[in-house]
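As recorded in TrEMBL, the features of this protein are as follows:
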{"type": "TRANSMEM", "residues": "162-183", "note": "transmembrane segment"}
{"type": "TRANSMEM", "residues": "195-219", "note": "transmembrane segment"}
{"type": "TRANSMEM", "residues": "225-248", "note": "transmembrane segment"}
{"type": "TRANSMEM", "residues": "260-282", "note": "transmembrane segment"}
{"type": "TRANSMEM", "residues": "294-314", "note": "transmembrane segment"}
{"type": "TRANSMEM", "residues": "326-348", "note": "transmembrane segment"}
{"type": "TRANSMEM", "residues": "354-374", "note": "transmembrane segment"}
{"type": "TRANSMEM", "residues": "416-437", "note": "transmembrane segment"}
């Protein structure tokens with residue numbers, strides 16, 4: 001009997017605190033429900049209309065602009081509580097601001113009609129909504145109707161000149177590189193085009209597949225960022241990758257041949273991929289690809305290389321000067337291009353998150369590894385494999401920015417260009433780190449006859 005009594009007492013000691021805890025949780029839950037009343041419990045199923053008609057669901061404005069928006073609150077039930085009031089809110093006040101307090105005493109015939117002022121602060125997307133407050137019960141309820149607010153960045157002269165200035169610097173790069181192009185070796189490369197073919201497969205099969213896979217894995221709910229990385233993966237590497245191969249003593253002739261081939265084939269591969277995958281990534285967007293810009297870019301690249309080759313053939317003194325100062329000139333042109341792009345688009349870094357950085361880090365790293373493995377699988381030399389891998393993993397930021405600005409509406413385009421800029425900068429930093437490691441370990445040498453060596457060029461000329 002004594003044992004049963006002691007067991008019962010011990011059980012009570014254990015269950016009493018549990019019951020007390022459950023009661024406290026229940027009371028807190030009821031208190032919280034009272035704090036945030038269900039919609040319709042204070043003034044019935046009240047609704048909000050924005051603008052002059054019911055179809056006005058979106059407000060577009062520029063930063064620093066002020067827009068007046070008509071507002072109607074209707075379908076309210078009669079009430080004796082004269083302490084009720086409405087308040088206007090923004091989901092993200094850093095993008096746009098609007099504040100107004102409407103007392104219930106201002107309502108006539110269960111309807112309030114007036115205007116609110118919205119101010120654009122920073123480019124981006126947010127929503128405007130109305131909340132009803134009851135000071136007596138400390139309750140509140142948010143209305144079901146919202147207004148989409150899209151704040152676009154005010155255009156400046158630098159935006160208009162960016163494309164032309166970046167194109168001019170890129171053309172100077174290719175003229176510079178064209179002077180060191182060896183036509184005999186280029187003919188040899190195209191007579192057995194395994195290297196350019198591997199570069200094509202890496203750029204237009206491996207990289208887009210990686211971008212799609214990474215997007216589905218890491219940013220499943222953000223189709224815009226997936227599309228931005230997809231454009232970044234499809235863009236040919238450009239002159240910076242060729243310059244990286246100069247410093248890493250890669251096969252510069254193969255690098256330039258691959259860049260040229262990919263820049264020509266992008267005219268067909270880009271629309272094909274966008275047609276196949278674009279609607280799945282961003283189904284609400286109609287893609288208007290800038291074919292004229294792409295054609296001009298392709299023709300400009302080829303013409304710049306031809307000018308460089310002609311300078312080497314007919315004005316050898318000029319090319320000897322370029323040979324002697326190739327690396328300093330390359331560094332200056334690269335820094336000008338990167339600095340111009342980052343300087344004009346500095347605002348995008350406000351949209352940077354850790355996931356975006358990780359997303360942009362994985363693409364060049366995986367691209368380098370897979371393209372190197374494919375090259376070795378096809379029996380390419382270590383120099384050629386590294387050259388193709390650099391061509392694949394050093395990403396172009398200029399073309400994806402142009403693509404996004406031509407295919408996406410503002411402010412979405414400005415919000416998405418953080419991806420190509422970040423991915424390009426990360427890929428460039430990885431190459432710099434790779435170069436430093438090669439120099440420290442003594443690997444940055446011309447062990448292969450295909451390696452670029454400016455001293456050999458000076459002797460030949």
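Glycine residues also receive a Cβ, built from the backbone N, Cα and C atoms like all the rest.
A contact between the transmembrane segment (162-183) and the transmembrane segment (354-374) is absent, since fewer than 3 of their C-beta pairs, 6 or more residues apart, lie under 8 Å. When each of 195-219, 225-248, 260-282, 294-314, 354-374 is checked for Cβ pairs under 8 Å to the transmembrane segment (326-348), 225-248 comes out on top. In this chain, the transmembrane segment (260-282) lies apart from the transmembrane segment (416-437): fewer than three C-beta pairs between them fall below 8 angstroms, excluding pairs fewer than 6 positions apart. Proximity of the transmembrane segment (195-219) to the transmembrane segment (354-374) is established through 3 or more Cβ-Cβ distances under 8 Å for residue pairs spaced 6 or more apart.
Long-range Cβ contacts of the transmembrane segment (225-248) within its own chain (Cβ-Cβ under 8 Å, at least 6 residues beyond either end) map to 170, 173-174, 177, 203-204, 207-208, 210-212, 214-216, 219, 255-256, 259, 262-263, 266, 269-270, 273, 277-278, 281-282, 285, 326-327, 330-331, 333-334, 337-338, 356, 359-360, 363, 367, 386-387, 390-392, 394-400, 403-404, 408, 416-420, 423-424, 428, 431, 434-435, 438, 444, 452.
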